[in-house]
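One structure is given below, encoded as C-alpha cells.
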Amino acid sequence: MAWRGWAQRGWGCGRAWAPPAGGRSCEELTAALAPPRLLGRRFNFFIQQKCGFRKAPRKVEPRRSDTGTTGETYKRSALIPPVEETVFYPSPYPIRTLIKPLFFTVGFTGCAFGSAAIWQYESLKSRVQSYFDGIKADWLDSIRPQKEGDFRKEINKWWNNLSDGQRTVTGIIAANVFVFCLWRVPSLQRTMIRYFTSNPASKVLCSPMLLSTFSHFSLFHMAANMYVLWSFSSSIVNILGQEQFMAVYLSAGVISNFVSYVCKVATGRYGPSLGASGAIMTVLAAVCTKIPEGRLAIIFLPMFTFTAGNALKAIIAMDTAGMILGWKFFDHAAHLGGALFGIWYITYGHELIWKNREPLVKIWHEMRTNGPKKGGGSK
C-alpha cells in the first residue's frame, strides 16, 4: 500500500540522521513525502516516534457529557438531534442519580394538580361575569356595522366552532411548534440539547423532564404526536375537564420521563430522549380505558378499525417488548410509563387525587374572601 511505503522511509529519521544536501530537516522531508490524506490525527503519534524524541501529547481524558453514553456508540434515532458522542463513566452509585428527579416528579405533580384545582375555582367564579360579557358583546355586534372580509371575525368564528378540548390543546400545539422552530436556530443547538432533551447522564436532570415534553426535532415526529393529541382532545377533556386534563397532561410528561430515567439507569443504556409521546400515551390510555368499546383506526390505514381496548393492549405489549429487548428507535420506557399512568389515573387516581381537592379549595377560598389579616393588639 502507498502509505506503508511512505512510513518505511521514516525509519532513518532520528538524531543521527544527517540532513540531505538541500538543508531540509527531518520534519520538512517527512511533510514533503507524506500524502496529504495521511497527515491526519491517526498518524501523528507514529510520525513523532520516528522523527525524534519530542514529548508525546497529553492524553485527553474522556469527560462526562450531556449526551451520555456508556462507552459504546449510541445508536441515535432519527427522531432526536445529532449529538456529540463521548465516553460516559456511570456513577458507582447510579441510584443517587434518580433522587433529584424523584423529588421533582412528586413536587411538580402536586403543584400541577393544586394549581388546576385553584384554576377551576376561579373559572367557576368568573363564569357568570363572562356570561353577561358575552351577551353584551353579542348586542354590540348586532348594532355595530359589519365589515365584509374581516379576518379577525373569521378567526373568532373558527375559534368558537372548536370544542373545549380542541381549544385546550391548541396552546399545547403552539408551544410544540415554537420549540420546534428553536431547534432550527444553529446558535441554540447546545442549549436545546441541554434543556430540551431528557437524559439521566446530563448535568441538568429536572427541568428537561418537563421541557422535553414540548420538544421535537423531527417534523414528522411532531406532526404525528400533535395529530393524535388533537384527535383525542375532545374525548379526554369531556372526561376530565379542561383544568384536570392540563394537570394530568403535564404530570404525565414528567412521570413518563422519570420512568425513562429509571430504565436507562437500570440497564446502562444512556441517551437523550425528547417528544410528547409519553404524555400523549397517558391521554390515549385514559380514553381507551374509559371507553374500551370505542373504534379506532391507524392514521395511514383508516379502512382497518379495532376497539380501543385491543389497541391499548397491543401498544402496551409492543412497548414492553421494546423496553426489554432494548429497541432504540422510540423511548419505549417513557411510552409504557405514560400508558400505565393513564390507566391508573382513570381507574383510581381521579378518586384519590381530584375528588379530594376540596380542602385546598377551601383554604384558597378563605384567603380570597378574608384577605390578609391586619395585625394589632386589643383595645
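Positions of Cβ are set from backbone N, Cα and C atoms, glycine also.
If you look up TrEMBL, you'll see 209-349 marked as domain 'Peptidase S54 rhomboid'.
Residues 205-206, 209-210, 241, 243-244, 246-247, 250-251, 254-255, 258, 353-354, 357, 360-361, 364-365 of the same chain lie 6+ residues outside the transmembrane segment (102-121) yet bring a C-beta within less than 8 angstroms of a C-beta in it. What TrEMBL lists as transmembrane segment is 102-121 (among others).
Under the heading transmembrane segment, TrEMBL lists 165-183 (among others).
Residues or ranges marked as transmembrane segment in TrEMBL: 204-224 (among others). Tertiary proximity for the transmembrane segment (204-224) is limited to same-chain residues at least six positions away from its ends with a CB under 8 Å from its CB atoms, namely 66, 78-81, 97, 100-101, 104-105, 108, 172, 175-177, 179-180, 183, 192, 194-198, 250, 253-254, 257-258, 261, 273-276, 278-279, 299.
Outside the transmembrane segment (244-262), and at least 6 residues removed from its termini, the chain residues within Cβ reach (under 8 Å) are 97-98, 101-102, 104-105, 108-109, 112-113, 115-116, 119-120, 165, 168, 172, 198, 200, 205, 208-210, 212-213, 236-237, 273, 276-279, 281-283, 286, 331, 333-338, 341-342, 345, 350, 354. Sequence annotations record features per position, and here TrEMBL assigns transmembrane segment to 244-262 (among others).
The transmembrane segment annotation in TrEMBL covers 298-317 (among others). Cβ atoms under 8 Å from those of the transmembrane segment (298-317) belong to residues 224, 227, 281, 284-285, 287-289, 291-292, 335-336, 339-340, 343 of the same chain, restricted to positions at least 6 beyond its ends.
Per TrEMBL, transmembrane segment is recorded for 329-347 (among others).
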What is the average pLDDT across the domain 'Peptidase S54 rhomboid' (209-349)? 90
